């Protein structure tokens, strides 16, 4: 990675504004999944050990520029205190005189968590005044929030213009793993693209067709490709306006010598519910009033074989409606194949795929699980991420 990291600067005695991604699920004022908090610990602990005064900033949810009581970060501060074994001071604002006073009280190795940065309308607008106000709190800026790196916000991009700006360890790992996959992959390189909508994955498919050996398609978006081949798909998800695009993707794959894998059978149901009647049919035999909600057993075997023969696999998007147990088998089979693939480097592209490997208890068998759904998607589209671009070059 050609960006400076926390290793490249001296932080002893300095106030370090560290943007993290603590956008964690909460219920009744308690953090229900602390994965993202844990992911930031190596950077936080390193800064503490180096004698920095660590000022943490994060968003939580979508308060839309105003204070929403249940989106305060108090519960996050409590959980972080437990994980660090040290009291974390939490302020009720994210900048201003009371925050400056709290920072003035800090000793080397202390940790302070600012209030939810999205309580201020200027955050998502990347307001230069707010960016300056954040910068006034610190001597150094560290961005460890890969999950927000695709956003040009005041705390992810604007602030970096006012302070020495470097990447944290999580940001560094994300960029290195995804960067190597896209620029210098081990082969055979397979991408598995699922999810509901073709339109959400157009950029990714376009970019990956130039890089992969195998492209595997699943999830709701597969039915637009099935339709493009001239098959009837019943009531399955269809994007009429993307049929021609699906055709062109398949043609491009052929031109480039990319193996393009699509479902050969499907689990169909007579209703979108866990209790619906369901059956397995060949992909060209979907009944007119049924809908495909998962890949079938023949497809699972086919995809498993491709995965086991690959040296690198990136997975983004589920194979079916895995939130319903009746239609989770396809997604589970892919997760299991990745777990069983011993000589394969497995990269899970955040979002639903990350949730799926967690759900099936296979997360610890994956080589890299991205912490950013949207950010990893844009990175895989070949886009520059504003939060990364703004950091100092080596």
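Cβ atoms are placed via backbone N, Cα and C, with glycine included.
Of the residues proposed, 151, 187, 300, 304, the one Swiss-Prot records at the same substrate site as 21, 22, 23, 36, 59, 60, 61, 62, 118 is 151. With respect to their backbone Cα atoms, residue 299 (phosphothreonine) and residue 353 (ATP binding site) stand 18 Å from each other.
Ranked by Cβ neighbours within 10 A across all protein chains shown, the binding-site residues 59, 118, 201 are led by 59. Sorted by the number of other CB atoms within 10 A, the binding-site residues 21, 323, 352 start with 323, the lowest. Take the Cα of residue 350 (ATP binding site) and measure to each of the recorded positions 23, 59, 61, 118, 183: the nearest one is 23. The two recorded residues residue 23 (substrate binding site) and residue 351 (ATP binding site) have their Cα atoms spaced 13 Å from each other.
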